[in-house]
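Peer 1: Below, the features straight out of TrEMBL:
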| type | residues | note |
| --- | --- | --- |
| ACT_SITE | HIS180 | active site, proton acceptor |
| BINDING | GLY13, ALA14, GLY15, GLY16, MET17, ILE18, GLY19, ASP39, ASN99, ILE123, PHE124, ASN125 | NAD(+) binding site |
| BINDING | ARG86, ARG92, ASN125, ARG155 | substrate binding site |
| DOMAIN | 8-145 | domain 'Lactate/malate dehydrogenase N-terminal' |
| DOMAIN | 150-311 | domain 'Lactate/malate dehydrogenase C-terminal' |
Amino acid sequence: MSFLTNEKLVIVGAGGMIGSNMAQSVLTLGLTPNVCLYDIYEPGLHGVANEIAQCGFPGANITWTTNPEEAFTGAKYIISSGGAPRKEGMTREDLLKGNCKIAAEFGENIKKYCPEVKFVVVIFNPADVTALTALIHSGLKPNQLTSLAALDSTRLQQALALEFGVQQDKVTGAHTYGGHGEQMAVFASQVKIDGKPLTEMNLAADRWESIKHSTVQGGSTIIKLRGRSSFQSPAHNAVKMIEAAMGGEKFTLPAGCYVNNDELGFHNVMMAMPTTIDTTGVHYELPKGTDEEMASLKASYNHLCKMREEIVSLGIIPAVAEWKKDNNNL
Ligand SMILES: NC(=O)c1ccc[n+]([C@@H]2O[C@H](COP(=O)([O-])OP(=O)(O)OC[C@H]3O[C@@H](n4cnc5c(N)ncnc54)[C@H](O)[C@@H]3O)[C@@H](O)[C@H]2O)c1
C-alpha cells in the first residue's frame, strides 16, 4: 500500500466516535502509515487500537497511548476531536468552558512536545473558540492551525440538492461563514444549482428560510435521529483537511482560520472564511456577499467576540493585548 507521507500523525480523542472513524479513514485513504492514537480514556482507546489493528491495513504502524508526551513527541500532523460532545438540547456553546480548558492544555502539549508540527485540525466544539484557544497556547503560526467548519456548508448543499431534486455535487458555492454555531452566516448569493445562479431559481422566501433552518439545525437533527452527536461527516471532512496539508487534493470548503483584518474590521477571532488548505497551510480570501449576508457575518463575528471575552474572563486565555507573550505569531 502506498502512502502520501510517512510522517507521524496523532489523532487526539481516538477512543471516541469521531476519532475512531478518523483512524480508519486515514488508513483507508493511505495518508500515512504512522498513526498514533491518543485519548485519556484507556479502555475506549485500547478497544479502538485493537479494532484498527484487526482491520489488517498492510504497512500500517499504529501506536496508542494515554501519555501526552509519548503521543505528541515527533508529531508532524495532529487532528483533535478530544473533548466532550453535545447531548440532546445542548448548544455547541454549552460546551465552552470545559472544552476550552482541554484546548488550552492541548495547545500547551503542542508547544512542549512538538513545536515543529506542520499542521493541526481542531474539531471539538465550540470549534472556533477551542481552536483559537489552542492556537494561542501552542505558539503556532495562524496558517498552521484550522478548525472544522465545513459541515455547515455540506448541510446547506444537501438541503439545496433536496429542494431542487439535483445530485448533491451539482450544488456549488453553498457556503456558510463566521461561527460554527447557531449564529453562522449562511450565504446564498454565490450558490449555483447545476450551473444556474440560485438567485435566478425563483426560490420562495419561506423555502429559503426553511433551508437555512435545516442547515443551522443540521447537527441537532443528527442528535435527535441517532441519539448522539454526528461523527461520520466530521471524521471524513477533518481527514480530508489533513490530507490537503499533507500534499493531497486541496481542501476548498470553508475552514476555520485566524482572522485579524482591518479591511473587514474583524480582529483576533477564529472563524470560517472562504479558504484553501494545501501544503502551505490554511489561507483565506475576503468573502463576497450581499449587504444582508455581510451583516449576518458581522453578527456572527460579534457573537464569536463575546465567546472569546467569556473565556478571557474565565482565565482560560489572556486578554488580547497579552497574546504575544504566549504566541509571538499573533
Ligand atoms: N466541528 C464539527 O463540525 C463537529 C461535528 C461533530 C462533533 N464535534 C465535536 O467533536 C467532539 C468529539 O465528538 P465525539 O462524537 O467523537 O465524542 P466522543 O465522546 O465519542 O469522543 C470524545 C473523546 O475525547 C476524549 N477526550 C476527552 N477529553 C480529552 C482530553 N483532554 N484529551 C484527549 N482526549 C480527550 C474522550 O475520552 C473521548 O474518547 C465533541 O466536542 C463534538 O461536539 C464537532
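Keep in mind that glycine also has a Cβ here, set from the backbone N, Cα and C atoms.
Automated prediction, rather than curation, is the source of TrEMBL annotations.
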Peer 1: Helix, strand, coil: count each for the residues of the domain 'Lactate/malate dehydrogenase N-terminal' (8-145), based on DSSP.
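Peer 2: Within the domain 'Lactate/malate dehydrogenase N-terminal' (8-145) the tally stands at 68 helix, 23 strand, 47 coil.
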Peer 1: Which one, from the binding-site residues MET17, ARG92, has the smallest tally of other C-beta atoms lying within 10 Å of its C-beta?
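Peer 2: Among the binding-site residues MET17, ARG92, the sparsest Cβ neighbourhood within 10 Å belongs to MET17.
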Peer 1: Among all protein chains shown, how many Cβ atoms are found within 10 Å of the Cβ of ASN125 (substrate binding site), not counting that one?
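Peer 2: By my count, 28.
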Peer 1: Taking Cα atoms as reference points, rank the recorded positions ARG86, ARG92, ASN125, ARG155, HIS180 by distance from ASN99 (NAD(+) binding site) and give the first.
Peer 2: ASN125
Peer 1: When DSSP is mapped onto helix/strand/coil, what comes out for ARG155 (substrate binding site)?
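Peer 2: Going by the DSSP assignment, ARG155 (substrate binding site) falls within a helical segment, counted as helix.
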Peer 1: In angstrom units, rounded to an integer, how far apart are the Cα atoms of MET17 (NAD(+) binding site) and ARG86 (substrate binding site)?
Peer 2: 13
Peer 1: Among all the protein chains here, how many other CB atoms are within 10 A of the CB of GLY13 (NAD(+) binding site)?
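Peer 2: Result for GLY13 (NAD(+) binding site): 28 other Cβ atoms within 10 Å.
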Peer 1: Around the substrate site formed by ARG86, ARG92, ASN125, ARG155, which additional residues qualify by having Cβ within 8 Å of the site's Cβ center?
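Peer 2: Apart from the listed residues, the neighbours are THR91, PRO126, ALA127, HIS180, GLY181, GLY219, SER220, SER229, SER230.
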Peer 1: What's the most sparsely packed of the recorded positions ARG86, HIS180, counting other C-beta atoms within 10 A?
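Peer 2: Among the recorded positions ARG86, HIS180, the lowest count of other Cβ atoms within 10 Å belongs to ARG86.
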Peer 1: How many Å lie between the Cα of ARG86 (substrate binding site) and the Cα of PHE124 (NAD(+) binding site)?
Peer 2: 10
Peer 1: Scan GLY13, GLY15, ARG155 for binding-site residues whose C-beta lands under 6 Å from an atom of ligand 1 and note them, or write none.
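Peer 2: Among GLY13, GLY15, ARG155, near ligand 1: GLY13, GLY15.
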Peer 1: Just the number: how many Å between the Cα atoms of PHE124 (NAD(+) binding site) and ARG92 (substrate binding site)?
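Peer 2: Answer for this pair: 9 Å between alpha carbons.
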